[in-house]
Amino acid sequence: MPLTNHFTGSSLLEDEAVVLKDYVVGQRLGEGSYGSVYLATYIPSGVRFALKILQNDCFIGRESKIIQEATVMQSLEHPHVVKMYKFLQSTSSFYFVLELAEKGELFDLVISENYFLEVNARRYFQQLISAIDYCHSKGVAHGDLKAENLLLGENNNLLVCDFGFSSRPQLVGFDDDDKSDNSEILQPIGTLHYTSPEMALRQKTPASRDPFLQDLWSAGIILFFMLTGRLPFDGRDDEETLHLIQTGEFSFEEEEQKRLSESAKSILVRMLALEPTDRPTLQQIIEDEWFGENLDAALFPHRHSLKRSSVFLDFSTQHHVTPEEEAVLEVAFRKIDIDGYGRITRDEVRDMLATLRGERVGAEDVSELIQLFTGNAGSAFITYKQFRDTWVKKDLAHRPFRRRNDFQLSKIIGTQMDMVEREVVRQLRLAFDSVDDLHTGAISVDQWKRLFKRCEIKVTEEEIYSLMRFFDERDPSSGNEITFDKFLMGVVKREMLVRHPMGPKLAAATNLAALLQSRKVSECVNHGFFVVGLQNAVVEKLKNCRERLMFMYNDDIASDTENVYSFRYLGSAALLAGTTMESAGPMLASSSGPPSAALGLCTSGDFALSSSLGRGFGQSSVSESLLNNHSISLNNGTLKGNELLKHTMSSSTQAAVSQTHRALAFGGTGAVNQVNGVCDVDVILAPASLGYTLVRFRRIYGKTRDFHEAVAFISSLLEVERQQAMEDTLPRGESELL
C-alpha cells in the first residue's frame, strides 16, 4: 500500500531527491533532538530559506504531532513569528520551508553581551509579548518558549520559532490514529528551566493544564535572562533545578539590585510569582509601566487603546512633546553618546553615520550635522539640549541635509550601538583610535600594518587580511575598511580577542590586555574552547600539574559523547593562607555523620566509602563502626588522596561518588562552608572533529571568583593547544569542529 501525505493530500510519497529538486540544501544552521535545520536556496528565484528536516523514523506512530505543528504554523501570520512557506514530505522525512533568520539566536546575543540594558531587553520583550498576544488570540499556545527558540531576523527583530510543542484547544477532535497508552508519558512540558511551578509539581489543577499560562511564565524567565544573563532557577542538576522551580526560590545578585530599575524588578517578581493567580495577565503586562516605555502601538494592532496619534515624532506640527516622544529622544541621544559622557562628540556623530550607512563617511557630512545641532561647524560636541531642540524646535527630520535619509530618529534607536557596557566602549574607543591614527573613522590594511610596526610585533600580511576578514567578510584586497561599529561588534559580540589568533597581538598593541583576560575567562566559563589533541592527552597534562590541581574522579557514564573529569583547584588565596590539598576538603555542618564529618573535614576516601554504601554523610543510618573498622587508614601514610580513591572505587561506583560530592557541595544533607581559594571543578571533554577536543567547565564547589580563577588557570595550561586549534580552524570556523 503506498504511503500517503495526509497534509498535502498526495496519494504517493516520493524520494527526498524528487521532493527537494527545486532546492539547494547548504550548511546546517542548527540541530535539535529530532532533526536539523539547514540553509536552503530555492533555485527558480534564488531566495534563501531555513529548511527544517525531521526524520520519519523519529515519529513512527506519532505523525499527527508533525501535522499539527505544520497546521498551526500555516495559520500564523505575524511579523514576530517565523513564517512557514511550505510543508513537504518524502519517504524518509518531513520538511518545513521557513523564513530565514540570518542574525542567529537571541540566546547567543545575550551571552555575547553578558546581559541586555533595560532599553534593549524591553524592545525584545515587547516584540515577544506581541507574538504571544497574537498567538493566544488565535487560540494557539507555543508550549516551549525559551531563548533558544527566539531568532533574530531583519533589523535584529525577534522571531518566535519551533512550534513543535504548540497546542490549540480546539484541535481536541484532531484526527489522531496513533493514540496509545503512553499518551501521558509523551505529553510534553517544554524545557525544564522554563517550566512553571504548577507544571513542575504535576498538580491536577486547571492552571497546570493551561498552556497559555505556561507561555507567560516562560516569557518571564526569558525577560530575567535578558536582564541578568542567567536563568533564575538553575541548579547543579535537574533535580536541584526542579526543586528551585517548585519552591519559587530566586533572587537578584547585589550588582543586579543596583543596576536594575525598581519597575524592571517589579515586573520580574510578579511574572515569576509562585502562585499563578499572583501573576499578571497579558493585558496587565501590556499595561505595565516598565513595559509601556517606548512602546510601538503597531505591535498590538487589535488593542485599539494603545494606538498612538499619527503625529508621533512628527515635530513639524509644533505639537506638545509627549513623555513617549521625550523617551525616544533620550534613547536616540544615548545611542549616539556611546561613551556615556553625557555629550556627543564629533567622532560619535561620525560613527553613527557610518553605522547607518554601513561605510565610511566624509568629514563634511559630520561638520554639516554639527552645524545643524550647534550652529557652529567647528564645535567639539553636542549637548542633550542642543540635540533635543534641533529635533523639536528646528524639526531636523524635515530639513534638507546630505544624510537626511539615514540620520532619522527611528533608524538611530534601532541600532545596537548602546548594547555594550560604557567602560568597555571607552576601552575600545581608545584601541580603535590607536589604530585609526588619522581619525578618519575607518581602519584600512595599511593602518593595521603601521600599528604592529610601531609596537614591534611581527605579523604577516595573511594575518592582517585574516584580521580584516574577521571584522568584515568582504575581501580585504578590495579596499574595504573597518568602521567603529564593526570593530565594536567584532570584539564584543563575536569575541575577536579570544576567538581569533590575532587577538592577543591586538591586545598587546593596544590597551586591551586586561579586557582580553576578562573576555577569555568569560568565554571559557560560558562556552568552553577547542584544543588540539585527544582527551587522554588533555587529562594527562592537567594531572601533571599536581601543585595546583588534584584529580579526584571521572564520570565514565555521564554521556556517550563526553567525559567528565573532576579536579580540585588550589587558588592564589588558598596558597597565601597556607591551605594544602589535604586540608582543603568541603566543610560540612553535620553532627550525625562519621568522625571526619563531625570535624568538618570530608576527604576523598570518605567520598569513596560513602558512595559505596549509596548514602551521604548526613544520614544517620550509616554505620559509624563500619567506617571506623575500614581496613584502609588515612593516617598510616599508605594510601592518600587519589590513590585511596582508585583503590576503593570501581568504575561502576565513580558516578555515585560524583553524585555524593555534588550533593554535599550544594548542601544535600548539611551546609557547606566554602573554603577560601579552593574550588572543585568538572572539566568536561567532548570529541570534536578528528584530533580536536572541546573543553568546557562546571563548578561543583567553591566561590565564583575561585571558579573563574580555576578556569583561567586550566585554560592557560592548554593555551598552546588552544591557539593551534584556533589557527587550524580559522578558515572554516569553529562550527566545522562540531
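Even glycines carry a Cβ here, placed using N, Cα and C.
For K52, the entry in TrEMBL reads ATP binding site. The domain 'Protein kinase' annotation in TrEMBL covers 23-291. Among the features that TrEMBL reports, domain 'EF-hand' is placed at 324-359.
Classification of the residue listed as 'ATP binding site' by DSSP places it within a strand.
Its Cβ placed at the centre, K52 (ATP binding site) has 27 other Cβ atoms within 10 Å. Note on the domain 'EF-hand' (324-359): DSSP counts are 25 helix, 2 strand, 9 coil.
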